[in-house]
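Asks: Heads up, here are the entries from TrEMBL:
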type	residues	note
TRANSMEM	16-34	transmembrane segment
TRANSMEM	107-127	transmembrane segment
TRANSMEM	163-182	transmembrane segment
TRANSMEM	189-217	transmembrane segment
TRANSMEM	237-260	transmembrane segment
TRANSMEM	303-322	transmembrane segment
TRANSMEM	328-346	transmembrane segment
TRANSMEM	358-379	transmembrane segment
TRANSMEM	385-406	transmembrane segment
TRANSMEM	413-435	transmembrane segment
TRANSMEM	441-462	transmembrane segment
TRANSMEM	849-869	transmembrane segment
């Protein structure tokens, strides 16, 4: 039996598999090295979501595995706190992520590059291995298809989406495993890789599941099977799929429940029964290098696979010796996949009934696999084309070229040079197949052309992107590490951290602290709703606590504030260079505790604890759309029992001066329009504080970075964050008697001053009321991501234990050893009705349905192990009788 697996007996194939792995790996390593990406220079592989989102999750992966395992279920670094198992199952379950563990966060770009090139290699090996298993290709023909698969357009365009690449790696193994299962081999050959993709990335697994249905449909007509044989194929597919789904229940069941509170809120949004672009335009994507930055948000599907598979596909459909039923069903599957990549309802179905935000047609890799799979099933160096096949293919190619030439001005991904080079490769590869006599160098020449075409396409594609420099990334991370190491231990000391500089919304994950910003596809909509209510930038998958006030800092337990020091503002990556709105409203209120040269750490002595005694009036609070400071007033007043005046009061501007626009009588809601479109237009507003209280400016979503620049005392404010509700801009405190000037410089011909209003805040009132609430706060004795416990003495007249823990299924509260019902405050936070007196309170989180899903998965595993043992016993007994 050992001889059967002896590499010496498979020497050429073994070598070919190694080449299939190493060639794409070395090509991509050489390219990244040429671009001086870390560790080869001062650039990095970080771009778009990889640099703005995934890298923070990768650091969280390291931190969780090495130091804090409970982070896998819940984290207060996800916004104000959120379930994280869904984040892990989408972003972090790839086994290649284990390679991140030895690298500190300053060196993560190097680790990510290592993983990226490894996945290129694994994709090449996977496809070649599957072809060898099928006995369709062998020897040095394997790298021809392996490299093509690894460097196909979808893989290159999405190498920044590392979490999706495992699907392309496992798909050939799933299909090959299914085929071997049909041939009487172990069902595990199909079940194991299918279960693996369900666990690694449920999103991509869903797409593979849909494709498998199409594949099985084609497989039923591959040969002239009897009805019984077709039922055997279908039943084996159904059995294997059910077992895989059962084994992976531990992933998809808890995650599915989580998605109902995030992505599930927007299913079937914007559904339209139409084609999304001119259907023939998709032909342009068959040319090399047809992906760029403009294609990311709303482009066409990435289906480039080189000239060879397209040529062979034509042969497949026109070769009469292949059963017409096989060709017809293959054509139907191909047509369905193509229509799915342009017809909105089918596109929506492939994406789980929710249109993706950026990176459209994410499922197009199954089309590329399908075409390559069909091509590899019939190709060999002895393949002969008839002149009819060649002639009709040339006519179709010319028609395609003519159409695309006249569409060049409308297609932002295709140029004349790409058409020219693509046709050159196509003609040379087709000409090789037209030769009647083929020398021993024929395969080598073909391989050079195929690999050359794939390499040129890869280089052209990746050259379209700009990348974050490693120097900038490390500058920022080192500054963040340096300042956050001075934060106190959280073991029995829960607190949150605000900041007025930010590289990404995932900074809390990088800095290992509880913040209030996050960027996650599994973000709970309640987090976005609350942030919108208090005037912070938010979206369906992100929140950013960048416009805090003294009141929200106190309410949300923002005990510390990270601020830039003001040095090196022009050096990329310094906190000052990454500054958001300055928190000058905290001047004179927060005390500086640490200065590191690039950043300042300040302490807020008025931050409330994670839980505190409050008035039951808070249960009746409702929020008004686009009125954040009123919402803050109402919430705060309800907590203290409506005993005092409002914290925030509306203020009037002293004067307004218009330049090239009519001077408005009323500022809020005014509509400004340039009188002379060729000249600069602006509106200057002034106010003079009569106290040292801080001031705040509100801006509606019509006032954004695209149409206005706002200047404070002649200096431009930092770039306005994207927002879809009214946000708050902090203005300086301790400016009594000093005139302040706000200037709105129009960037377009008109501007609506939606919700542009000025407010002052009574800082002394905030201090006194915060101190009153602090007196009856929870004294934390134990704190982790999934458990907070402590003691509280509830005073008379305060019947609510108010927390700033987001309420979600999974939280359980024990009061004096007994589980207690909770209430929701402000449609967001956990509240606990409590009677006066001393209580011991414990908050515990358990991911919903995790335990039951683990039991189900274990049950399926035991069933399969038992089935395997039973079959083994049957075989053993059959040998004795």
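The backbone N, Cα and C atoms fix where each Cβ goes, and this holds for glycine too.
Remember, predicted model here, so these are calculated numbers, not experimental data.
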Asks: If contact means at least 3 Cβ pairs within less than 8 Å, sequence distance 6 or more, would you call the transmembrane segment (328-346) and the transmembrane segment (189-217) in contact?
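Replies: With 3 or more qualifying Cβ pairs, these stretches touch.
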Asks: Could you tell me whether the transmembrane segment (849-869) and the transmembrane segment (385-406) have 3+ CB pairs under 8 A, leaving out pairs under 6 positions apart?
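Replies: Counting Cβ pairs under 8 Å (6 or more apart in sequence), the transmembrane segment (385-406) does not reach the transmembrane segment (849-869), since there are fewer than 3.
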Asks: Where, among 16-34, 163-182, 358-379, 849-869, do we find the most CB pairs under 8 A to the transmembrane segment (237-260)?
Replies: 849-869
Asks: Quick one: do the transmembrane segment (163-182) and the transmembrane segment (358-379) have at least 3 Cβ pairs under 8 Å, skipping pairs fewer than 6 apart in sequence?
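Replies: Between the transmembrane segment (163-182) and the transmembrane segment (358-379), contact is present.
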Asks: Apart from its near flanks, which chain residues at least 6 from the ends of the transmembrane segment (358-379) lie with a Cβ under 8 angstroms of it?
Replies: 49, 127, 131, 134, 136-137, 141, 145, 148-149, 152-155, 158, 161, 164, 167-168, 171-172, 175, 204, 207-208, 210-211, 215, 296-305, 308-310, 312-313, 315-316, 319, 322, 330, 333-334, 337-338, 340-341, 347, 350-351
Asks: Determine which residues of the chain contact the transmembrane segment (849-869) at the Cβ level, with the cut-off under 8 Å and only residues 6 or more beyond its ends counted.
Replies: 73, 85, 188, 191, 243, 246-254, 257
